[in-house]
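The domain 'TMEM205-like' feature in TrEMBL is assigned to 50-152. What TrEMBL records for 1-18 is signal peptide. For 47-69, 89-108, 120-139, 190-211, the entry in TrEMBL reads transmembrane segment.
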Amino acid sequence: MWITRFLSVLGFLALGLALSPLGDHLRGWAAGKNAAAGGGALAVRMVHLLGFATAWGTSLWVTFIGGIIMFKHLPRHQFGNLQSKLFPVYFELLAVCSTACIGAFSLLHPWGSSTSAEKMQLGALVFSLVGTLLNLLVFEPMTIKTMKERHKIEREESIGEEVGLSKNKEAAKRNPALAKINKKFGMVHGLSSLANLFCFGGFAVHSWYLAGKLAL
């Protein structure tokens, strides 16, 4: 998909900006050292704040609230099909927001002149972007493909329209193909979930840093 390749390029460009000496030349402008630069500095900070707030809030909702509620109340195949449509958009949104955060933070705190704390924060944002891109490019397509294979086997067993996994577990005891695909799905879904948690962790670290900068 073109959007996936585009977001990957944006991510690498943001990382390049973070490490490039060009960032040091832009630091004076982004820091707002004169009146003319003040508007530009505010715009960069706004991009960073909006990008981070959107990514952090979306990640929190999808990871710990929305997905759990849907799993508990939707028929399993319906839940899986809905997730297969939501998650590509979710990871694309996180990739855009992470890239915006990295680009803006790199302008405000170029690597060559950053403190160790600022470098750690840039590393946390890059960590979140890497986790997101792994899901967008690798784990999420594998998970969806495996899920569809499992749904096909389950339909042959006349299960999947119930809420929860109880019928799947029972059918897997007498169907080796279902047991095998369950194991494969558990592995790829686990990797996807782990990458998503890494992404969430990077955002959590950065939220603590930003909270320390607030004066309320």
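Here the Cβ of each residue, glycine as well, is placed from N, Cα and C on the backbone.
All TrEMBL annotations are machine predictions without curation.
Values in this document were obtained by computation on a predicted structure and should not be read as measured data.
Only residues 6 or more beyond the boundaries of the transmembrane segment (47-69), in the same chain, are considered here, and those with a CB under 8 A from a CB of the stretch are 83, 86, 90, 93-94, 96-101, 103-105, 108, 128, 196-197, 199-200, 203, 206-207, 210. Per-residue confidence over the domain 'TMEM205-like' (50-152) averages out at a pLDDT of 94.
Helix, strand and coil counts from DSSP across the domain 'TMEM205-like' (50-152) read 97 helix, 0 strand, 6 coil.
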